[in-house]
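If you check Swiss-Prot, you get these features:
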{"type": "BINDING", "residues": "SER53, THR54, ARG55, THR56, GLN80, ARG104, HIS131, PRO132, CYS133, GLN134, CYS270, LEU271, ARG298", "note": "carbamoyl phosphate binding site"}
{"type": "BINDING", "residues": "ASN166, ASP230, SER234, MET235", "note": "L-ornithine binding site"}
Amino acid sequence: MTPELRHMLRDDDLNHEEQKQVLELAIKFHHDRFYKQPFAGPQAVAVLFDKPSTRTRSSFSIGVAELGGYPLVIDKSGSQLGRGEPVADTARVLDRMAYGVVWRTFGQDRVEEMAKYSTHPVVNALTDDFHPCQILADFQTIAEHRGGVDNLKNQTIAYLGDAANNMANSYLLGGAVAGMDVRVAGPHGYLPRPDIVADAKRVAAETGGSILVTTDAKEAVKDADCVFTDTWVSMGEEAEYAIRSKPFWDYQVNTELMALAKPDALFQHCLPAYRGKEVTAEVIDGPQSVVWDEAENRLHAQKALLTWLTGKARGDESLLA
């Protein structure tokens, strides 16, 4: 197997078969947390945070350690990036020391520049545009509740709320890669960028999926297999909550809306959740909710992704399955 440097910067960086490989590997890690240890040594992986985090920090820190590596966790305040050092300079330095970079930051251009100057895998742990690691965990969760990864292709998923945010974008692209029927609903002014919708439709045409963007929450949820939402106000916008939340009340996931989905529909939320806002307590704490499985699967999915990317970079086929 020829070594091939691969990064995970947006959801369509994996094709259909590659996404399946990573998800199958994630399920194996769920059954055996020490299934593979590609970083035995220990070799360091730089884990950078420009934004606060609970799930991403804990899952990558624990995950790299369980893969046999050392997670070098650096906050914005503790790095020269926080003082304006060019991304390219930081990338060149980390590339001489670490065996990969995981970065939770703001602009998508920042992770893309990091990857440009790296000879090891770079993983987008969240940007303003995409959240691909979360989508892998979400799809792993569906697969585990629906009989396996092969059954993802038959799923209809619906995302409600701020349809212009990174989660909506990643559901569009990641769902298209999986061959799902993806529905995204939000109010006017909070819909996905046309270029992202176009990319999702192009991929869906290749995988047999479909894409629907609508302002009608009921249309999106009707007969869906899984319903997703996210906070209506992203990090840094909390002071504007009263103003920003007004357009979204028709998209609250409640028992009435869930009743329009299939009777066995799942509910997922990437967290943190605000009960009584984007979702009611009856739903997120109810029998259809799988949010705690979803949160745990961040660990397994990200370990699978790091292992797969490392296998590609080294030309080591044993790390791909």
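Glycine is no exception: its Cβ is also placed from the backbone N, Cα and C atoms.
DSSP assigns ASP230 (L-ornithine binding site) to coil in the three-state reduction, placing it in neither a helix nor a strand. If you take the Cα of ARG55 (carbamoyl phosphate binding site) and the Cα of ASN166 (L-ornithine binding site), they are about 16 angstrom apart, rounded to a whole number. Each residue contributes its Cα atom, and for ASP230 (L-ornithine binding site) and CYS270 (carbamoyl phosphate binding site) these two points are 6 Å apart.
For CYS133 (carbamoyl phosphate binding site), applying a Cβ distance below 8 Å and a minimum sequence separation of six or more within one chain yields MET8, THR56, VAL123, ASN124, ALA125, LEU126, ARG298, ALA301, GLN302, LEU305. Long-range Cβ contacts of GLN80 (carbamoyl phosphate binding site) within its own chain (separation 6+, distance under 8 Å): THR90. Here the candidates are the binding-site residues SER53, HIS131, CYS270. The one whose C-alpha lies nearest to that of ASN166 (L-ornithine binding site) is HIS131. The CA atom of HIS131 (carbamoyl phosphate binding site) is located 13 Å away from the CA atom of SER234 (L-ornithine binding site).
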